[in-house]
Amino acid sequence: MTDKYDFGTRVTFTPDENYKFGKQPRRLRLVTLRGLSMGGHYMVRAVVPVSLDLEELNKGIKLTLDIVEDQMSVFKPDSSLMQFNRHNVGEWFGLPPEMTDVFDIALEVGKLSEGALDITLSRLIELWGFGAGDKPENIPHADDLVAIKAVTGHQHLKFDKAGRRIMKTSACEVSLNAVAKGYAVDLVDEYLKSQAIEDFVIEVAGEIKTAGQKPDGTKWRVAIEKPLSGVSTTQQILSLSDVAIATSGDYRKYFEHDGARFSHVIDPKTQKPIKHKLAAVTVVAATSARADALATAMLVMGEGGAVEFAEQNAIAAYFIVKNAQGFEVRLSSDMPSYLERL
């Protein structure tokens, strides 16, 4: 098995060379803060008072992101999530407030998508070699898939939101990766606003949230990139304010075995990596956690089901679909208002 990482359709910031503050007072300045958290990089661009201590602000951002990583990482054996995965079947497990929120969002979108988003696939993800454990030499045997299918699905979870607790009724294991990074962005959004910062854009591992405007009074500009291996080329520019954006694609992580390509995105119904023509889904939503969850769910559905799902639920979505010539773009009815002309 050979791993491949192909960063094709990825949401990035477009370069804005000359920021002008227009009518904004000169006591403000545009700053860029960066750091490492949740296994990757984060970046915040914000309009802040000149007197603000940037080191303390960045420290607060990092601590906010660390809350999510410490609670929900599958790579930390002592995280709250991994403790739950080891917890006894049939016994309630107490949840911190943040993890309660993420379970609530994940289970709601899971129900809305009729199981396309399934957080109980952790053991299946490991079996296919995309988890925290060692990578297998061969693809999973059919018998192993059947055994895992018997203990996966949201029906194996009992969730008490008001009591902030959860119980598993089978030996299932949970991964919150489809929502956790988006939720982390939302927490940073809350933190910045608590510091009286109103104009900013946050990016954590491709999950983005915008608030307010740029110093020149225009909206923040975000780019969707073309799915080209090793090349950063803009597919589409979006103008955003006070919304979040997330992209899910089958190009980011995959492996090849005996000449076949296997995506890291697993279809809960087949228990196997997706094989349809939908290469990427970008979603604009009110919160980053919801955008993250919806993008993942629709990527699993494939091009036909995803477009219909977006229309039925008034979701702003941008689809990149493989065809004989390369790729084509499809839009939901709610998406065009966010697009700029190239």
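Numbers here mean position along the shown chain, with the first residue as 1.
Cβ coordinates are placed from backbone N, Cα and C, and glycine is handled just like the others.
Among the features that TrEMBL reports, Mg(2+) binding site is placed at Ala178, Asp292, Thr296.
Excluding the listed site residues Ala178, Asp292, Thr296, the same chain places Leu117, Asn177, Val179, Gly182, Ala246, Ser248, Ala293, Leu294, Ala295, Ala297 with Cβ atoms within 8 Å of the centre of the Mg(2+) site Cβ atoms. All chains included, 28 other C-beta atoms sit within 10 angstroms of the C-beta of Ala178 (Mg(2+) binding site). The Cβ of Asp292 (Mg(2+) binding site) lies under 8 Å from the Cβ of Ala178, Val179, Lys181, Gly182, Tyr183, Glu207, Ala246, Ser248, each of these being in the same chain and 6 or more residues away along the sequence. Counting every protein chain shown, 24 other Cβ atoms lie within 10 Å of the Cβ of Thr296 (Mg(2+) binding site).
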